[in-house]
Structure formats: structure tokens, C-alpha cells
């Protein structure tokens, strides 16, 4: 029986039994017979404290005690000595915490995830039954009909948009082949050429939906895909441009008399937040001893110069090799490598990625089915709960017969926001699942992409900075690598953080402007307000109150989504 107990519970440092982070196999607790002495008294711990499963030592029974007291004492001793099965069912009690307790080690809430989907299925079924009663059809066609409007235009435009990003590959070959000192090298003219192309490219594909009069559903797809391709193209171009300059420096070191010997610079990373001068592990070991020996040698200067060159060559050569070590620049400048990067679920280019051995077809098919299921539920929520509330509010605000007063306008906006709170919360969760769990997971399975860390536990966020790191890991990694780390050496940590948020806010505002065909700046203002909120939540009066901060995060998230939608559509 005691062996089953070790599989059911774990004893923490505070001697409190907690459930293990999985479903227990048995429900019985362990017997405590091993804690008892033959005389019935508990054996205290070596540190003098009693165990957490009982209250302490037995009370001694006087010799002249009544026989009933002696019988009860003897019974207690026997129960503690060996836990025999009683005639009446026994309920075992011990010092334990609940599964939802903050001190619990239990982390498996998969059942609630299943309950979430069951609840959405009930909502969909009841909605379709209501539609059959009202209209004779299970589904409304207000949004479904928009999916097929100018579908071929969208397909052709999306193909051309993706194909036009491939200009980055021949440009990289051109920049690499340019002789050192030429205006076509990446350091001199390449960066400007690629940046100008990206700006013109983005402006073109933002304007296409407006020129052809597409529906908002088509605009949502194209603008989001355009933003993804923009970040992929930028990462591919700027990382390979950096490698082309590193290769030129490595080649120049073949003739040390004319080559630059400036040390290589390591850009800031989460592990190296300040950025440092690169050093070779080989040369770092025993550097003090080597220096003492070199001081005694008459060739000290030449030896030191040789060590610096060897160290710099090693750092540059390591930079040109993939982290896995199978591919070296410029072997990655191929069409297959570029196509593979476009299909991989990441926004940050690397020469090589970790891969899985084979495709899990069951997992892939389940993610494809879940993707269409989420789109189906999103459409139902939009048609049944979001669109009617916005339509009704728009009619009331634009009433020409009896125009609403300012107080009535405020009341209509407040009422609309309240009606949209729950639908937008469901929409937000479904959009998160369809993108980061199902779509990215499906592409990872297709491309054998092994790193599936697309998000962390953002639902436990206590401030917006933490949410930005954990809710969208691919975009966060891109912004940290190509915006924050690239700008911090020049403008400092604080300004780099503001610039990163500023670029992210501009991107979100562009998306909202393309969807609503309005440029209002509501999304931009709301996102930039996250910075002072983060500062407030990290003050000594608020910092550390995780539950309070998490509740504030969720309230601001749900309210903000409804507020921004209402303002863009109605104002």
C-alpha cells in the first residue's frame, strides 16, 4: 500500500502532501504504520519535529486508568501500528492542498480545455437551431457570402505578393559578389536598396485591396499575410547581409596588412542584454598564463597580434556557420532554402533549423480540421453576436429623424461595448488558437520544423510587457532581433523599447485601417498606453500582487478589444 502512495502524492519541503502533476492512479493514502513505534507512540523526526500526517506523540495512559480508556488507547496503537481494514468504510485524511491552490504542483487542466470546446459546440448548435426556427436555414449568409467575393483576385494577388519577396535572394547574391569598398556591398548601398524596396513593396500591397474594392474579409487575409511576408523578407535580407559582411572581413584577414582588425560585436540577446565584444572560447582559456609567458618572450608583440587574428578568424568563421553546424554561408543562398524559410512557421531567418524525423499525419489532419472548425465558430460568433450589435448601434447613432443627444450617444456606445465583451473574448481566444496552435502547428508538421514554441503561458501575464513576450513568440523574436537589438547600441535600452513598441503599434494601426477603411489611431494610442501601465504595475505598491495584476490584465484586454472595435466602426 505504501508503494502506491508514493505514486499518488509528493511531500514538499514544508512536509505538506500535494497531488502530483498528473491524474493519480489510486485514491488511497499511504499508511502511517512506519511512523509508529511498537508501544503506539509516534517516532519524532531527527530534528525534533513531528510528522505532518499526525498531531504528535500519544498521550501516556496511567496504570490506574479505567479499562475503557486502556481499550481505546490500545485500539489507537493497533491502528497506527498496522492499518487493518475496518468494518465501516474509512475516509483517509492528511494535510493536502487543492488542485487550484497556488502551492499545488498539479498543472494538468486539459479537461477544462475540452470543456471549452464542448461549450462552444453547444453555442453553435443552439444558434443553428434558433436560425432554423427564425429563417428556415441553420446559418446566416451575411459573412459567409463575403468569403467567395473576388476569390480568384485574392488568390492571384496573394501569389504575386509572395513571389515578389523573392527579389531578396538575387539581391543578396549581388551584394555578396560586389567587391569590398563598392557601393553595392551590403554595408554601403545594400541596406538602403533593400529598405527602399520593402517600403515600396508594402505600399503597393496595402493599396491593392482598395484599388480593387475587396471585402473586409479579403483585406484581413491579404494584409496579415503581407505583414508576415514583410517580416520574413526583412529578416532574410538583413541577416544574410550581415553574413556577407562577415565573409568579406574573413577573406580580408588572408592579407592582415590591409585588413581591419576591429573586434566583432555581439548584438544584445536575452542571454547577453548589454551586447559585448566577441571572444573566442579557445583563446579565453588560460589567457592570464599565456599573457605572462608572452611578456617574457621577445616576440611578444608579434605573438599577441597573431592571437588576435586567430581569435577574430574563429569568431567570424563561427558566425558564418549555422547553429547546428551542417551548413555554412553562402551555401544557404539557394531557391530551395528561401522557399523552405517562407513555409517554416518563423519570422526570424536562420541558415538551418532543427527538424523532426517524420510527419505525424494524425496530428497534422487534426490541426487542419481544428483550423476550419475555429473559422466556422468565428463566423458564427461574428454573425450572431458582433454584427447585430454593431448594426443596431450604427442605426441608432445615424438616426436622422431623431438624432441622439451627447448623453444618448455615450449610452449607446457603453451598451454596445458591454454587448461585445463576451463575444470578443471568445473571438480573441479562437484567433489565438487558430493561428498559434493550429495553423503554425500544421506548417511546422509539414516542414518538419521541430521548434513549436509559438507562445508561452500568456494567460498568466501580470503586465503588458510580459504579455508581449509570451503571447506571440514569433513576432516578439523578430522585434527583439531586428528592431530592439539593432537599435539599442545606438539609442540605449529605454529608447529602443519605445521604438519597438512604436513600430508594433504602427503595424497594428495599419491592419485596423485596412480592415475598417478608417485611419483613426485608436489602436495606436491604446497600444502605446501599455508603456505607462507597465511602469505603474512595476511600482512597489503594485509589483508582486500577481492575482490583482492578472485580473487587471484580463479586464483591460477584454474591455480594450470591445472598445477599439466600437470606436472604429461607430465613430
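Glycine is treated like the rest: Cβ placed from N, Cα and C.
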Range annotated as transmembrane segment in TrEMBL, from 67-87, 88-108, 151-171: 151-171
From 192-212, 213-233, 234-254, the residue range that TrEMBL assigns the feature transmembrane segment: 192-212
326-344, 345-363, 364-382, 383-401 - the one TrEMBL records as transmembrane segment: 364-382
Contact between the transmembrane segment (151-171) and the transmembrane segment (112-131) (3 or more Cβ pairs under 8 Å, separation 6+): no
Candidates 364-382, 417-440, 548-570; stretch with most C-beta pairs under 8 Å toward the transmembrane segment (112-131): 364-382
Tertiary contacts of the transmembrane segment (364-382), as residues 6+ beyond its ends and Cβ separation under 8 Å: 120, 123-124, 127, 139, 143-144, 423, 426-427, 430-431, 433-434, 437-439, 441-442, 445-446
